[in-house]
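To keep things clear, I will list the structure first and then write my remarks on it.
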């Protein structure tokens, strides 16, 4: 039977509960255990699919097509386990399920209430599908004291009683701020956060305390006394230079040992930390540096590109180099010459996005990369803009555009009205709802033998995750290929273009899917490893 670790946060938000859960999952796996991580989000949206990147950051897409919280990306990258729809739930989805059941009469006329109906729905989500795992880690979104989080906290309180004795452990992540005028770290915010948690009925077993400097032993003893936690269970979580240093740092502080001790597991299997030590060594001892320009439209909030940033760093790890990112708002190129911005970079990446704003700047970035022979990686929207650039500049299609931007006489990119999902035909209308109406999740693609991308993958059949409504129009395939832009990857039915490339360019590849979602520090995605390798070669020419 699985054991459960519930991770809550206090004092302030954005302390890194997701990283803490992911790192703990990695540490348990390093000891040979099977770990699963779930995220419980208190917001009322059914999923983050229609939320603004500025509000929520990246939407992480799973193989089964779920649009989820970006923390699931951390879970996958740290543990290597692919997440699915059953690893993320929101208040919105819970209420939607309950209301649908009430309308069907499933509650047999009972008054539907937060307790027990909402809390039971949460508990069912936590407990379902865990037979193959030794540990299930559940991160509760938000901060203790938030009104939105109350049903979730009540549910995990109840689970502490529902589960067999010693099968639930509560980890509370807090902040210990340093007050410069007093010259000391303060314990009071953590004390009050734990008091709030205990008032709900949850007594934390472990305190994971964020701080920007070492916590003195006396302060740890104080937290132990006032928060009713063993002194050894007051774990300092100090700031580290890189997130992939976190597993080693938490292991050094004894987090995984303390969790296992709380479950009464003694002796515990010894961890195999060599892979994480290797990652840390490569991060801090690079053999060179490359600069990659990210030409995007959400550059003001880096969380909108979280998986992309991580995948580029994985490509750096594979090539023993540091990857420096140069963030460029694509709208700038609509007013200024791109040359001064791009002539010194070693690679250009145009990521996914939605809408017309900044699109012309991305087209100009693709043109610069093509003409100057700079490595170019176009992802989703970035591939579409590269195709529009080729149509305009090489194929003479002067008014080439996308129907996403409005009616056009030359729809090089258009709305997908139908596609195969398994054995079912999915259909969409231009005026349909936005939520859940994209081509989502893992789809297969066939790569042309002898193509550059097939060589990179080492295979001609791949499966990658998608998130898009618009697609390059197959009707323009012949004209674009006549100009040198090869459609090297297609959907198995030969209808949807999946990848494009210029064979005579050092490295110019566009993909309709999102390879960044499957990259891991211990297993970098081949496209990112190859892109950074090409950037290393370019760095010798600049």
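Backbone N, Cα and C define each Cβ position, glycine as well.
Taking Cβ-Cβ distances under 8 Å and a sequence gap of 6 or more within the same chain, the neighbours of residue 380 (active site, nucleophile) are 351, 352, 353, 467, 468, 511, 512, 513, 514. Look at residue 380 (active site, nucleophile): DSSP puts it in coil. Swiss-Prot lists 380 with the feature active site, nucleophile, giving sequence analysis as the kind of evidence.
Its own atom aside, the Cβ of residue 514 (active site) has 21 Cβ atoms within 10 angstroms in the protein chains shown. A coil conformation is recorded for residue 514 (active site) in the three-state DSSP classification, outside any helix or strand. Annotated active site per Swiss-Prot: 514 (among others), in sequence order, evidence recorded as sequence analysis.
Marked as active site by Swiss-Prot on the basis of sequence analysis: 516 (among others).
Residue 381 (L-glutamine binding site) counts 26 other C-beta atoms within 10 Å of its own C-beta, drawing on all protein chains shown. According to Swiss-Prot, the L-glutamine binding site annotation covers 54, 353, 381, 382, 383, 384, 404, 469.
Swiss-Prot lists 71, 139 with the feature Mg(2+) binding site, giving sequence analysis as the kind of evidence. A helical conformation is recorded for residue 71 (Mg(2+) binding site) in the three-state DSSP classification.
The region 'Amidoligase domain' annotation in Swiss-Prot covers 1-265.
Put simply, 516 is the one of the recorded positions 71, 139, 516 whose Cα lies nearest to the Cα of residue 404 (L-glutamine binding site). In this structure, the CA atom of residue 139 (Mg(2+) binding site) is 32 Å away from the CA atom of residue 381 (L-glutamine binding site). The 10 Å shell around the Cβ of residue 384 (L-glutamine binding site) contains 32 further Cβ atoms across the protein chains shown. Residue 516 (active site): 27 other CB atoms within 10 A of its CB, across all protein chains. Shown are the binding-site residues 71, 139, 404; of these, the residue with the fewest other Cβ atoms within 10 Å is 404. Long-range Cβ proximity for residue 382 (L-glutamine binding site), meaning a same-chain Cβ under 8 A and a gap of 6 or more residues, is found for 349, 350, 351, 352, 362, 366, 510. In this structure, residue 139 (Mg(2+) binding site) is part of a beta strand by DSSP.
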